[in-house]
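Taking it in order: structure first as structure tokens, then the write-up.
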Amino acid sequence: MRMRHKPWADDYLAENSHIVISEPSQYKGKWHSVFGNDNPIHIEVGTGKGQFISGMALQNPDVNYIGIELFKSVIVTAVDKVKQTEAPNVKLLNINANMLSDVFADGEVDRVYLNFSDPWPKKRHEKRRLTNHAFLKKYEQVLGGKGAIHFKTDNRGLFEYSLTSFSEYGLVLTFVSLDLHQSDFEGNVMTEYEEKFAAKGQPIYRVEAEWRT
């Protein structure tokens with residue numbers, strides 16, 4: 001999908017540096033000090049327009065949330081969502097997911113959320129899928145070999161690929177749903193994409209995968 005350029009995005013992010021952390025690598029190993037507490041840190045890789053992470057922050061004030069989004073044209077909307085909720089326990093990073101280990105120390109993160117990631121269906125693009133082994137290794141590092149990944153998608157092919165990838169990597173699947181909205185799962189916070197898919201009656205797939213020490 002082509003992202004529409006927003007020439008004012010840089011200035012807007014700079015004006016909201018209390019939400020979008022510039023030069024986040026300087027806080028590696030120090031993220032608890034950024035939030036001013038020792039609460040668990042959960043990250044969302046590909047936070048998009050911010051509805052999920054803002055909703056989670058409101059629902060769970062005792063958890064610190066960090067949303068990671070590569071595209072400035074998208075993260076500016078996430079900034080607006082965070083400002084609207086006035087949630088003090090959420091920060092945003094305008095970085096590539098490949099930089100996780102540059103930004104977080106080993107074991108500094110407690111959970112990783114992946115919501116409606118780009119499926120990259122062509123085989124030659126497999127390395128770009130956020131659930132391939134290369135990315136799992138990055139998550140494992142910042143999670144310190146513990147914690148969990150919570151993954152949601154509307155794409156059956158990506159879901160099946162991810163289940164296999166998680167299992168082959170040695171993760172334990174503790175929750176699997178082939179139709180989340182028809183399950184008894186409680187506390188679900190929907191993304192913008194999820195609302196659209198649900199309105200069309202499309203099933204939402206969800207899995208929780210854990211590292212066991």
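Each Cβ is built from the backbone N, Cα and C atoms, and glycine gets one as well.
Swiss-Prot annotations:
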- Asp118: active site (ACT_SITE)
- Glu44, Glu69, Asn96, Asp118: S-adenosyl-L-methionine binding site (BINDING)
- Lys122, Asp154, Thr191, Glu192, Tyr193, Glu194: substrate binding site (BINDING)
- 124-129: region 'Interaction with RNA' (REGION)
Taking only the Cα atoms, work out how far Glu192 (substrate binding site) lies from the residue listed as 'active site', in Å, as a whole number. 14
Among the recorded positions Glu69, Asp118, Glu194, the one whose Cβ has the most other Cβ atoms within 10 Å is Glu69
Of all the recorded positions given, namely Asp118, Lys122, Thr191, which is spatially nearest to Asn96 (S-adenosyl-L-methionine binding site) at the Cα level? Asp118
Please state whether DSSP places Asp154 (substrate binding site) in a helix, a strand or coil. coil
Going by Cα-Cα distance, which of the recorded positions (Glu44, Glu69, Asp118) sits nearest to Thr191 (substrate binding site)? Glu44
Top of the binding-site residues Glu44, Asp154 by count of other CB atoms within 10 A is Glu44
Reduced to three states, what secondary structure does DSSP give Glu192 (substrate binding site)? helix
